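Per TrEMBL, these features apply:
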ACT_SITE  B:K112  active site, schiff-base intermediate with DXP
BINDING   B:G173, B:A199, B:G200, B:N221, B:T222  1-deoxy-D-xylulose 5-phosphate binding site
DOMAIN    B:18-264  domain 'Thiazole synthase ThiG'
Amino acid sequence: MNAIQIELNGRPHPADATYTLADLVAKLGLAGKSLAISINREVVKRGDWPTRRIEAADRIEIVHAIGGG
Amino acid sequence: MNLNDLPAGADTDHQLTVAGKTYNSKLLVGTGKYKDFQETRDAVVASDTDIVTVTVRRVNIGQHQNEPNLLDFVPPGEFTILPNTGGCYNAADAVYTLQMAREMLGGHSLCKLEVLGDEKTLFPNMPETLKAAETLIKDGFDVMVYCSDDPIQAKMLEDMGCVAIMPLASLIGSGMGILNPWNLSLIIEQTQVPVIVDAGVGTASDAAIAMELGCDGVLMNTAIAKANDPIRMALAMRDAVRAGRNAYLAGRMPKRFAASPSSPMAGLMT
């Protein structure tokens, strides 16, 4: 375990330096949903989620589709 | 009486072709402001549209993880999902939003760009819109662009490579209808890619008027979602867009300042 702090959707969030993005998505209960994720405003492709590690102070955004015109 | 007895071609040309792909309706609808996802779906189905706009927002972390998702109700397999940049006030935010949307939708390149100018009018910020359009087109997006009804800037967007020009008819969500048909006509006349009236339609007659001007399509959200009965209004919009298209293709009679009897005078019994 190597506890770190990230910023997730604009708020501080605890994480672990061993986590990949796929781990984070699973921990959040979001696996299998239609999402997109960026780290520090850079889009991370879904195929890279299992290998992309999270680092301290990363600004991560997870988005989904909602109603809009 | 049988409609199949009509001459061939009498009721054709209700499709819309954007970026090389043909859709079965000239109506595009938004998914905002509905009571719930079921009502959204029912209205979308009633409108008979193929293209549905959505917006992209942060997931609420730690909440409602089992709540249904909009895309479960309007699935990408059934509709073409058109992600928009609603709420973006500069080019950088709009580009980032659409890059996220493309990833979310598995690489799908068709998008609706809107860069807003201020919260009161939601009028487009055209310099930022032009900047964002250029970046997105270089990045491989097929950009359908919400814009002012200024023919000069509409032409700039077309020349840049936007796949549809989408001028407002009046302010977003205002339901004020077609306020400047003359500018829209200028844009329609000069534009080679589809022109889609985006924003301002309030009721079915507005949609018909837009189509009678010769538009290639109409995009609306609030007019359906905020009607007392959205599903019935979606049906009305479906019919209005078809009616307006048929009226445009039929070519209206000239206006005249005197009456002209529809029944012949010859043989009148006096």
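A Cβ is built for glycine as well, from the same backbone N, Cα and C atoms used for every other residue.
Annotations in TrEMBL come from automatic prediction, not curation.
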Most Cβ neighbours within 10 Å: which of the binding-site residues B:N221, B:T222 is it?
B:N221
At a 10 Å cut-off from the C-beta of B:G200 (1-deoxy-D-xylulose 5-phosphate binding site), count the other C-beta atoms across all protein chains.
26
Which residues does the residue listed as 'active site, schiff-base intermediate with DXP' neighbour through Cβ under 8 Å, counting only same-chain ones at least six apart?
B:T53, B:L82, B:P83, B:N84, B:T85, B:M144, B:V145, B:Y146, B:M166, B:D198, B:L219
Could you find out if DSSP has B:N221 (1-deoxy-D-xylulose 5-phosphate binding site) as helix, strand or coil?
coil
Which recorded positions (B:K112, B:G200, B:N221, B:T222) come close to chain A, taking a Cβ gap under 8 Å as close?
B:N221, B:T222
When the number of other CB atoms within 10 A of each residue's CB is tallied over all shown chains, which of the binding-site residues B:G173, B:A199 has the maximum?
B:A199
